[in-house]
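What Swiss-Prot annotates here:
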| type | residues | note |
| --- | --- | --- |
| BINDING | C38, H63, E64 | Zn(2+) 1 binding site |
| ACT_SITE | T40 | active site, charge relay system |
| ACT_SITE | H43 | active site, charge relay system |
| BINDING | C93, C96, C99, C107 | Zn(2+) 2 binding site |
| BINDING | I175, D195, R200, L262, G263, I264, I286, Y287 | NAD(+) binding site |
Amino acid sequence: MKALAKLERGPGLTLTRVKRPEVGHNDVLIKIHRTAICGTDIHIWKWDDWAQKTIPVPMHVGHEYVGEIVEMGQEVRGFAIGDRVSGEGHITCGFCRNCRAGRRHLCRNTVGVGVNREGAFAEYLAIPAFNAFKIPPEISDDLASIFDPFGNATHTALSFNLVGEDVLITGAGPIGVMAAAIAKHVGARNVVITDINDYRLELARKMGATRAVNVSRESLRDVMADLHMTEGFDVGLEMSGVPSAFTSMLEAMNHGGKIALLGIPPAQTAIDWNQVIFKGLEIKGIYGREMFETWYKMVAMLQSGLDLSPIITHRFAADDYEKGFAAMLSGESGKVILDWTV
């Protein structure tokens, strides 16, 4: 089958032919319709330090996808040939304390599709049936293909009650922009998102952010004054991994505020712990999606009117993957979709 793989230890990916995956007794085989390019895939493309330490070579990658089930293992129940599915990209052990307690998103033995094992940038993908998630007919293939990052945004944004709250989001990448849309959808009062990328800040405006602030030109304090915010933000969603962004968030939080961290800052990043301790801030780290509560919430929000369509800005045939990665690398894109059916 056709697949997009890391064949050599260096930058780039190669469209190649690989063996169609075997289907275990508890697996489903998915014929891929669409995939989306993730920031993780950009790290793999660039072959940065993280990728060099993490990605097996050779291996085909990718973990954001939608497709249809074409084969099932003999032990699989609850699915049928032809079901349209996306899937949870974190494959968990099922036996550790967290898994057995129903906290699979905290499994210490997690294996990532397209990171630690063969991925979805291919014509077919085999995964455990447990990880497959049926997609309702009213949700398009394009939207279903971005359920993985949509899930990151959902898990982060819905970590705390947002109704009537003032929310600060630092980082207007696709996940941050989707988090802004989610926050407004569920009833936040003011949703302010910061970045230095005007293209993505404009996407955030289209998705419903109250204010999209280029912090290289505009003061967050001035924006807060314009919005008549006198006590600080109630909830912070840190999506950038940029130390200065986290510092500005800590300074802007109200006492008793709550922060969810999805962005990954450099190791040994220093912060002013006085801001955390004397403000009584609550800080929560976010990894992946809750299985499968996050997935049900994603579907419910789309069915109740959440519009994520503006975040999908580019579409290419899988054979034109280089154009897709160029769009992502340019910084002037939202989500980029690759079509494996043409």
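Yeah, the Cβs are placed from backbone N, Cα and C, and that goes for glycine too.
Features recorded in Swiss-Prot, as mapped to the structure shown.
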{"residue": "C38", "record": "Zn(2+) 1 binding site", "Cβ neighbours (10 Å)": "25"}
{"residue": "T40", "record": "active site, charge relay system", "Cβ neighbours (10 Å)": "22"}
{"residue": "H43", "record": "active site, charge relay system", "Cβ neighbours (10 Å)": "17"}
{"residue": "H63", "record": "Zn(2+) 1 binding site", "Cβ neighbours (10 Å)": "24"}
{"residue": "C96", "record": "Zn(2+) 2 binding site", "Cβ neighbours (10 Å)": "16"}
{"residue": "C107", "record": "Zn(2+) 2 binding site", "Cβ neighbours (10 Å)": "21"}
{"residue": "I175", "record": "NAD(+) binding site", "Cβ neighbours (10 Å)": "30"}
{"residue": "D195", "record": "NAD(+) binding site", "Cβ neighbours (10 Å)": "26"}
{"residue": "I286", "record": "NAD(+) binding site", "Cβ neighbours (10 Å)": "20"}
{"residue": "Y287", "record": "NAD(+) binding site", "Cβ neighbours (10 Å)": "13"}
T40, C93, C107, D195, G263, Y287 screened against H63 (Zn(2+) 1 binding site), Cα within 10 Å - retained recorded positions = T40
Have a look at the recorded positions H43, R200, L262, I286, Y287 and say which one has the shortest Cα distance to C107 (Zn(2+) 2 binding site).
-> Y287
What kind of secondary structure is E64 (Zn(2+) 1 binding site) part of, going by DSSP in three states?
-> strand
Minimal Cβ count within 10 Å, across the binding-site residues L262, I264, points to I264
If H, G and I count as helix, E and B as strand, and all else as coil, what does DSSP give for D195 (NAD(+) binding site)?
-> strand
From the centroid of the CB atoms of C93, C96, C99, C107, the recorded Zn(2+) 2 site, which same-chain residues not already listed sit within 8 A by their CB, in sequence order?
-> T92, G94, F95, R97, N98, R100, R104, R108, N109, T110
Within 10 Å of each Cβ, count the other Cβ atoms and name the one among the binding-site residues C93, C99 with the highest count.
-> C99
Per DSSP, to which secondary structure element type does I286 (NAD(+) binding site) belong, with helix, strand and coil as the options?
-> coil
Measuring Cα to Cα, tell me the gap between D195 (NAD(+) binding site) and C99 (Zn(2+) 2 binding site) in whole angstrom.
-> 36
Using Cβ-Cβ distances, find the residues under 8 Å from G263 (NAD(+) binding site) that belong to the same chain and are at least 6 apart in sequence, listing them in sequence order.
-> T170, G171, E238, M239, S240, G241, V242, A245, F246
What is the separation, in Å, between the Cα atoms of C38 (Zn(2+) 1 binding site) and I286 (NAD(+) binding site)?
-> 17
In sequence order, what residues of the same chain, 6+ apart, have a Cβ less than 8 Å from the Cβ of R200 (NAD(+) binding site)?
-> A172, G173, P174, V177, G331, G334
Among all the protein chains here, how many other CB atoms are within 10 A of the CB of E64 (Zn(2+) 1 binding site)?
-> 30
Smallest Cα-Cα separation from E64 (Zn(2+) 1 binding site) among the binding-site residues C93, C96, I175 is shown by I175
